[in-house]
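Copied from Swiss-Prot, the annotated features are:
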type: DISULFID; residues: Cys24-Cys65; note: disulfide bond
type: DISULFID; residues: Cys78-Cys146; note: disulfide bond
type: DISULFID; residues: Cys141-Cys154; note: disulfide bond
type: DISULFID; residues: Cys174-Cys186; note: disulfide bond
type: DISULFID; residues: Cys177-Cys195; note: disulfide bond
type: SIGNAL; residues: 1-17; note: signal peptide
Amino acid sequence: MSSYLLVLVAILGFAYAEGDYSLCQQREKLDDDMREMFTELHNGYRAAFARNYKTSKMRTMVYDCTLEEKAYKSAEKCSEEPSSEEENVDVFSAATLNIPLEAGNSWWSEIFELRGKVYNKNGKTSNIANMVWDSHDKLGCAVVDCSGKTHVVCQYGPEAKGDGKTIYEEGAPCSRCSDYGAGVTCDDDWQNLLCIGH
């Protein structure tokens, strides 16, 4: 666990981006600071992945209130299984001080199972695939109590994931941002490792 904390400290040192998370419904277990932390955590991991795996068009993620609503509908079912391909689920049996960090580290730990850049739904990499799918540029998360356990769900968009599909394209980081269209450029807030814009 301590190695994950060191990695997190290193990747969150990349950048701090301002965001307006106040447009989402206010929740008992999820505030704007947590929304921001989920977003920055994902972008930090994506930047580290882009650097180490040489991804050519990894997008910066932004927080999305519509995806948060979908995540809450799923989380309130208290299932420990994802309801869709574009969903990560984590369940804690004990109280944790930092829910985004705990869930993010759990999902990120699948990096050690990742073999190549093609997604295999029978592998143990569904969560990491969602975190680093290069065309995902939105996320929304939910935190709910279910019979004394904390359920964390994050939904990702746009839909892209599928068995046999490519998780990321190789190449120099940011070298293919323009594949997403005019106006998509390299994000210097993330050391020119992630693409930003729509």
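Yeah, the Cβs are placed from backbone N, Cα and C, and that goes for glycine too.
Here the features listed in Swiss-Prot are placed on the structure.
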{"residue": "Cys24", "record": "disulfide bond", "CB count, 10 Å": "19"}
{"residue": "Cys65", "record": "disulfide bond", "CB count, 10 Å": "13"}
{"residue": "Cys78", "record": "disulfide bond", "CB count, 10 Å": "13"}
{"residue": "Cys141", "record": "disulfide bond", "CB count, 10 Å": "27"}
{"residue": "Cys146", "record": "disulfide bond", "CB count, 10 Å": "14"}
{"residue": "Cys154", "record": "disulfide bond", "CB count, 10 Å": "29"}
{"residue": "Cys174", "record": "disulfide bond", "CB count, 10 Å": "24"}
{"residue": "Cys177", "record": "disulfide bond", "CB count, 10 Å": "22"}
{"residue": "Cys186", "record": "disulfide bond", "CB count, 10 Å": "19"}
{"residue": "Cys195", "record": "disulfide bond", "CB count, 10 Å": "28"}
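Checking each of the disulfide-bonded residues Cys78, Cys174, Cys186 against Cys141 (disulfide bond) by C-alpha distance, the shortest gap belongs to Cys78. In three-state terms derived from DSSP, Cys141 (disulfide bond) belongs to an extended strand segment.
Ranking the disulfide-bonded residues Cys78, Cys154, Cys174, Cys177 by the distance of their Cα atoms from the Cα of Cys24 (disulfide bond) places Cys154 first.
Cα of Cys195 (disulfide bond) to Cα of Cys146 (disulfide bond): a distance of 37 Å. Considering only the disulfide-bonded residues Cys78, Cys154, Cys174, the residue whose Cα is spatially closest to the Cα of Cys65 (disulfide bond) is Cys154. In this structure the alpha carbons, written CA, of Cys154 (disulfide bond) and Cys186 (disulfide bond) are 25 Å apart.
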